[in-house]
């Protein structure tokens, strides 16, 4: 493609530069509007400057990618509700054997999780657990945070749904889920192992510090902590605050209701005791009254956390009610009410609770089965966008309630960011600048030679850290594939897989290389558990050798 007119080249470059600055530095002082608004601004400028027409802008939006992204995000929300990520957090500390063992677990679990639930989701969910365990063992958390972010990036390269750039590649290349997985899986497995070895060698002395006897990795994350964790720390704090308020409210209501209930039941029993001939219906009434009182006392004791002797404790706190209570007990004994009547209501409540637990377990199993079905559909080569949307809507129907609460957790800002980015990158491509630069480089970047693969990998790695990985894929994807297709169809597939591998692993080079890195950094800095700032230079010291070595491993193992 030849260069467009000088006016379009200049204006298109200005629009793309504004998009790039806001995408890489969303809080830039002179225009702190964020990435999403920045992508929309770039798209609008492309249309206003006449680089592309409105119809071309609409056509540039890739709906299959947006559908696949939306569907996988909805499925992830329901998996989170089904406690999938809670179980992943518990695995981090289950029968732990030291800090080195924990670091290896983080690498493996985050890699596997990110391959199927995206690297961003994995980092959001597991960062809090990693910080909690580091605090328990009095160890600086940065080795574990680096392990989480870097392994999540490497693991996400294995599948088309692992990260956004892989979604773009899978849709544009028409490579099936199974072919994609088999093509990159060996490189991903060895890359995670090598990355773990690099982390262990760099932080061996730090991880060898003996932990306190009372704070060990063998201490598991409590059920309450794991359950209360959600997709953001703000949600977790709100849930804790809400539970505290509900507890105080229930305690006050219980104390307020106790006096009239006791007096009412005492008066009722006294009236029955004065009757000479008690009918069978009267006996049932008295029995029901005792059951209600017993049940109320039992539930109140559970609410405030008192032991089994709660009725006696309440009478000690309220001496004026002792005579009323003792008189009630004497009249109940005189009526010879069977003792078996008292636990009947408790039995019914326990049975209802068991039914609810079974229903919840059944619902969890349905969520897991639907997710597995979606992955099977991917492996069968079915349309990934519609498979993901079908799985998402199936879960909405099975939930059988208003889906607004779950749909609100979907990152619509990310979907809007993609729309603006599609338009901006398409406009920049129409200026002819990317094609001109690629024509100069293409003879030196042919993938049928080792030197060509190295040159291509360097270009992708540098551009991914300058312009971000998704724009890099959009700019280079079609050109790299066309150059490789001129050699052979097998080389074209290899070119797409190399682009997926290098653009993903390139995110480990610096702290700004991927969104997953920024998520881990921000959540660690704002954490209420163990606030920690992961510096740019500390990440770079680890990221440069890890990225270069792991990238080279993938280039050797990936085949067409």
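Every residue gets a Cβ built from N, Cα and C, even glycine.
Annotated features in TrEMBL:
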| type | residues | note |
| --- | --- | --- |
| TRANSMEM | 9-27 | transmembrane segment |
| DOMAIN | 27-506 | domain 'Citrate transporter-like' |
| TRANSMEM | 33-52 | transmembrane segment |
| TRANSMEM | 59-79 | transmembrane segment |
| TRANSMEM | 180-204 | transmembrane segment |
| REGION | 295-325 | region 'Disordered' |
| TRANSMEM | 361-378 | transmembrane segment |
| TRANSMEM | 384-400 | transmembrane segment |
| TRANSMEM | 412-433 | transmembrane segment |
| TRANSMEM | 453-476 | transmembrane segment |
| TRANSMEM | 496-520 | transmembrane segment |
| TRANSMEM | 540-558 | transmembrane segment |
The transmembrane segment (412-433) vs the transmembrane segment (453-476): 3 or more CB pairs under 8 Å: yes
Stretch with greatest number of CB pairs under 8 Å, the transmembrane segment (384-400) reference, 9-27, 33-52, 59-79, 453-476, 496-520 candidates: 59-79
Seg_contact(the transmembrane segment (453-476), the transmembrane segment (33-52)) with at least 3 CB pairs under 8 angstroms, min sep 6: no
Dominant neighbour of the transmembrane segment (9-27) in 33-52, 361-378, 496-520, 540-558, by Cβ pairs under 8 Å: 33-52
Beyond the flanks of the transmembrane segment (33-52) by at least 6 residues, Cβ under 8 Å: 4, 8, 11-12, 14-16, 18-19, 21-23, 26-27, 60, 413-414, 416-424, 426-428, 430-431
